[in-house]
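Peer 1: Quick one: the structure is below, and I'll ask about it shortly.
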Amino acid sequence: MRRSATGVLLAVALCAPTPSHAHLVNSGLGPFYDGALHLMLTPMDLVGLVTLSLFAASQGAEAGRLLVIVTPIAWFLAGAIGVHSQMTGSFAIAIANAGTLVLLGGSVALELKTSSTVAAVAAAVFGGLLGFQSGVELRAADADADWVALIGTVAAVLAVTVLVSALIISYTAFSFRVVQRVLGSWAAATGLLSLGWIVGSGGNLAG
Amino acid sequence: MAKLHVFRLLLATGICAAVVQFPEAAFAHVEGEAVSGFFSGLSHPIGGWDHILAMIAVGLWGALLGPPALWILPIAFPIAMAAGGMLGLLGIPVPWVEIGIAVSSIVLGLLILTNMRLSLAVAIPLVMIFALFHGHAHGTELSPRADAVLYSLGFVVATGLLHALGIGVGAVDKLPMGRTALRALGGGVLLGGTYFLIGAFA
């Protein structure tokens with residue numbers, strides 16, 4: 001009963017509104033924490049990362065361990081390119097990120113199983129994609145965004161991947177697998193709607 | 001033990017209902033543009049009784065069918081609904097959307113009322129076709145000004161909560177006279193669907 005109540009409280013907390021920030025959020029604790037908060041307050045990045053973690057961790061403990069190593073590295077390398085690029089946003093990247101949700105969320109919903117090598121490659125590719133987008137956003141939010149902010153974001157990425165993969169791998173109850181599949185279907189559905197939105201608006205979005 | 005299980009499900013149902021109702025209370029007078037962000041997305045599916053009825057009915061029918069339909073139908077529905085929404089957002093027409101939405105309530109109500117146990121191979125495509133109509137109707141109403149991801153997420157979560165509400169209410173099936181009550185609810189869904197069908201032709 002207590003666990004159910006915790007789950008409900010967690011769900012309600014996750015549903016809580018998050019303010020959008022045109023500028024890099026100022027935590028008051030310096031650029032490292034500003035960067036870490038940036039991930040938590042950017043829905044596409046966070047939802048994409050959680051979906052990627054769900055996908056990789058549901059492939060087993062080995063894939064989960066690879067996810068925790070590969071994703072932050074890919075995020076950092078691609079994020080560094082994004083921070084130093086002159087891009088301010090890309091239609092193609094927005095499409096690719098929404099497509100990521102469809103692909104990975106759909107795989108989780110269908111409970112598709114793959115090898116840990118494929119999961120690691122997915123973590124590198126999709127982690128890199130999300131990282132690049134995050135880097136571009138960091139620069140767009142704050143022209144002076146530096147390495148420290150990016151490292152803060154990567155630390156938050158590491159925390160999210162560790163927490164999600166630990167949760168998925170340690171809870172093996174059938175009901176929890178159902179919850180995973182439902183979350184996967186929600187991610188895929190969010191990706192599909194976002195795809196329609198991005199293509200329909202020609203990339204001219206508010207968010 | 002069974003009573004405790006039903007109690008938990010009913011408690012979860014109450015919480016789902018409260019969460020679904022929350023955004024309207026919070027933004028009733030604040031948000032002029034209506035379509036922006038997570039809570040706008042969350043409130044969109046509960047904006048019309050034709051949608052609410054069908055989505056709860058999917059949960060009710062799932063509860064009646066039992067596992068694995070109980071969780072597979074709520075997994076399949078959002079994906080097909082989002083596909084319909086995508087078509088609507090892209091301006092790709094789907095014929096007889098309003099009729100399809102009304103028919104979805106009629107068919108689901110009839111299936112619950114008659115306690116018809118279709119196989120998964122039939123139930124999943126049937127629910128997905130209905131979801132496509134509902135999604136398309138929503139998709140054509142969405143504004144490109146909103147935050148796409150947050151809005152979509154809110155929209156999908158609200159749909160899931162409505163299914164959960166149906167599943168929770170469907171837990172009465174385990175109580176004495178519960179099956180009769182559940183079938184009566186199916187009758188109510190059928191009547192509601194008929195009303196919406198008349199409205200679609202009017």
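Cβ coordinates are placed from backbone N, Cα and C, and glycine is handled just like the others.
Sharing the features that TrEMBL gives for it:
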- B:44-64: transmembrane segment (TRANSMEM)
- B:71-90: transmembrane segment (TRANSMEM)
- B:96-113: transmembrane segment (TRANSMEM)
- B:120-137: transmembrane segment (TRANSMEM)
- B:149-172: transmembrane segment (TRANSMEM)
- B:184-201: transmembrane segment (TRANSMEM)
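Please go over these features one by one and say how buried each is and what sits next to it.
Peer 2: Counting only same-chain residues 6+ beyond the ends of the transmembrane segment (B:71-90), those with a CB under 8 A from a CB of the stretch are 55, 58-59, 61-62, 65, 120, 123-124, 127-129, 131-142, 152, 155-156, 159-160, 163-164, 167.
Cβ atoms under 8 Å from those of the transmembrane segment (B:96-113) belong to residues 50-51, 53-54, 57-58, 60-61, 64, 126, 129-130, 132-134, 136-137, 182-183, 185-194, 196-197, 199-201 of the same chain, restricted to positions at least 6 beyond its ends.
Within its own chain, the transmembrane segment (B:184-201) is flanked in space by residues 49-50, 53-54, 56-57, 60, 98-99, 101-114, 169, which lie at least six positions past its ends and keep a Cβ under 8 Å from the stretch.
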Peer 1: With Cβ-Cβ distances below 8 Å as the criterion, list the same-chain residues six or more beyond the ends of the transmembrane segment (B:120-137) that contact it, or say none.
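Peer 2: Sequence-remote neighbours of the transmembrane segment (B:120-137) are 51, 54-55, 58, 61, 65, 68-69, 72-73, 76-88, 94, 96-98, 100-101, 103-104, 107-108.
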